[in-house]
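Summarising the annotation, TrEMBL assigns (6S)-5-formyl-5,6,7,8-tetrahydrofolate binding site to ARG23, GLU80, ARG120, LYS428. Annotation comment: TrEMBL describes 215-355 as domain 'TrmE-type G'. Marked as K(+) binding site by TrEMBL: ASN225, SER244, ILE246, THR249. Sequence annotations record features per position, and here TrEMBL assigns GTP binding site to 225-230, 244-250, 269-272. Among the features that TrEMBL reports, Mg(2+) binding site is placed at SER229, THR250.
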Amino acid sequence: MSQTPTIFALSSGAPPAGVGVIRVSGPRAGEALSALAGRMPAPRRASLAKLRDGTGALLDEALVLWFPGPNTATGEDLAEFHCHGGRAVIAAVEAALAALPGLRRAEPGEFTRRAFANGRIDLAEAEGLGDLLSAETELQRAAALANAGGALSRQVETWRDKVLGLSAEVEGVLDFSDEEDSADLPECFTWNIAALADELREWLARPRSERLGEGFRVVLAGPPNAGKSTLFNALVESEAAITSPIAGTTRDVIERSVAIGGVPFTFVDTAGLREDAKADAIEAIGIDRARSELVRADLVLWLGPEGEGPVDAWEIAAQADREGFVPKPSARFTLSATTGEGVGLLKSALVDRARDALPKPGEAALNARQHARLTEAAEALEGAGTLSDPLLVAEELRRARLAFDRLIGRATTEDMLDTLFGRFCIGK
Ligand SMILES: Nc1nc2c(c(=O)[nH]1)N(C=O)[C@@H](CNc1ccc(C(=O)N[C@@H](CCC(=O)O)C(=O)O)cc1)CN2
Ligand SMILES: Nc1nc2c(ncn2[C@@H]2O[C@H](COP(=O)(O)OP(=O)(O)OP(=O)(O)O)[C@@H](O)[C@H]2O)c(=O)[nH]1
Ligand SMILES: [Mg+2]
């Protein structure tokens, strides 16, 4: 009989750390715990134990925990060793575990993959968990936690149930229709399908969850010497870019990601735009790069003559404290990047603007994969809405249901799971 291998890994941060948690999951987790700790602790209670290897040598004095399956994070028997977080301690305990029969090191994401395989979490929750582990800003954390906690999954289940209900209605009509005259679907039925499709379209139009990882992209542009790099440095709160009174200082595109008020931003500094830079080949390349950044931007901060920036750019009259500088009446922001005056106002305006373009806190957001599946479901429902033959309508409804099943992982392929869980770190 081939048994599921029992896996182990350090599940907390890399050593040296205060405490290193080593998790063991699988049918031999209990054996592993009693082999090292010399006894079985009471379930779900922390207790102190001397950990010893096979020769009886003392490895560490650690807190140990025993979670008998299946009501555990992985759905399997689960043991935890909360060791002192030194490199050698972790290595010694891991070596003692590796020496036990039927135990091996976990692959990246393998604990979570088992949680999925054992039905503890679905695919959308697993993806949320992956995002939670990589969340760097408050907004990312909140959105990931919502999905990890099943917010999206529950929504998809609701849609799936509605489609099942609609399918049952079609089956009913089919049962009562005889060969010659095909039965008609009631009018409210078509209306219900359209309403559901509209709801999906509304979700599809929302900002995607990847937007949280990329951040809101703000490009600073304008003529040379306008103060772009100085403002860039003020926004990213570091001397990332060289500034100088010499026009044409910045050539390369410089980008930095920072969170402001928990909202992720990527700020991009660019070469000053001018027509007569042809003589300097390097500056000309810099200007080309700056122009392509303008296209990618979510928002352009234009530091230059009024009305000359791209459409929708926010105009900034920087260097307000410079002698002789008169802020243009239409400029939206007047600030001094050197004294910091007005920069706070600009930042809060940026946060407001970015919040509109990013997923709302507490609102479940879709990633690219989920978006693709939901699009399939919406298309199937829209297809169903145009058909009158109940047989064909039933087929479209089945397509919609399959798309939902794929979204939450009721229907999956190994490749897809490898890709998803391979992104996780070891120990999760
Ligand atoms: N030490 C430790 N901390 C951790 C984890 C862990 O595995 N170990 N987690 C790992 O991801 C996260 C917590 N997630 C968990 C999810 C489910 C269960 C669990 O045992 N669930 C059972 C029983 C719930 C209960 O006690 O009420 C269940 O749902 O049936 C445990 C942790 C974060 N912190
Ligand atoms: N007084 C004052 N001086 C500023 C302000 N912003 C920038 N400067 C000065 O203006 C000069 C040019 O600033 P930079 O930030 O290098 O200008 P830039 O737009 O990046 O210029 P290029 O990279 O050449 O395109 C520097 O000497 C800055 O110290 C400001 O808000 N107030
Ligand atoms: Mg510059």
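The backbone N, Cα and C atoms fix where each Cβ goes, glycine too.
A TrEMBL annotation is a machine prediction, not a hand-curated record.
Here the features listed in TrEMBL are painted onto the structure.
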residue	record	contacts (Cβ under 8 Å, 6+ apart)
ARG23	(6S)-5-formyl-5,6,7,8-tetrahydrofolate binding site	PHE8, ALA9, SER11, LEU78, ALA79, GLU80, PHE111, GLY427
ARG120	(6S)-5-formyl-5,6,7,8-tetrahydrofolate binding site	THR72, ALA73, THR74, GLY75
ASN225	K(+) binding site	PRO245, ILE246, ALA247, THR249, GLY272
SER229	Mg(2+) binding site	LEU220, ALA241, ILE242, THR243, THR249, THR250, ILE254, ASP269
SER244	K(+) binding site	none
ALA271	GTP binding site	PRO224, GLY248, THR250, ARG251, ASP252, VAL253, GLU283, GLY286, ILE287, ARG289, ALA290
Legend entry - Pairwise Cα distance for LYS428 ((6S)-5-formyl-5,6,7,8-tetrahydrofolate binding site)/LYS228 (GTP binding site) [Å, integer]: 43
Legend entry - Listed binding-site residues adjacent to ligand 2, that is, members of GLU80, SER229, ALA247, THR249 whose C-beta is under 6 A away: SER229, ALA247, THR249
Legend entry - binding-site residues: THR249, THR250 - member with fewest neighbouring CB atoms within 10 Å: THR249
Inset, instruction - List nothing but the one residue from LYS228, LYS428 whose Cβ has the fewest other Cβ atoms within 10 Å; the candidates are the binding-site residues. - result: LYS428
Inset, instruction - Sort ASN225 (K(+) binding site) into helix, strand or coil using the DSSP assignment. - result: coil
Inset, instruction - In three-state terms from DSSP, label GLU80 ((6S)-5-formyl-5,6,7,8-tetrahydrofolate binding site) for me. - result: strand
Inset, instruction - For the domain 'TrmE-type G' (215-355), give the DSSP counts of helix residues, strand residues and coil residues. - result: 41 helix, 30 strand, 70 coil
Inset, instruction - Enter the number of other CB atoms within 10 angstroms of the CB of ILE246 (K(+) binding site). - result: 9
Legend entry - K(+) site, defined by ASN225, SER244, ILE246, THR249: further same-chain residues with Cβ within 8 Å of the Cβ centre: PRO224, THR243, PRO245, ALA247, GLY248, THR250
Inset, instruction - Specify the count of other C-beta atoms within 10 Å of the C-beta of GLU80 ((6S)-5-formyl-5,6,7,8-tetrahydrofolate binding site). - result: 20
Legend entry - Assigned element (helix, strand, coil) containing LYS428 ((6S)-5-formyl-5,6,7,8-tetrahydrofolate binding site), judged by DSSP: coil
Inset, instruction - Would you mind pulling the DSSP three-state label for ARG120 ((6S)-5-formyl-5,6,7,8-tetrahydrofolate binding site)? - result: coil
Inset, instruction - Give the subset of the binding-site residues LYS228, SER229, THR249, THR250, ALA271 lying near ligand 3, defined as CB under 6 A from any of its atoms. - result: LYS228, SER229, THR249, THR250
Inset, instruction - Around the Cβ of ALA247 (GTP binding site), how many other Cβ atoms lie within 10 Å? Please give the count over every shown protein chain. - result: 13
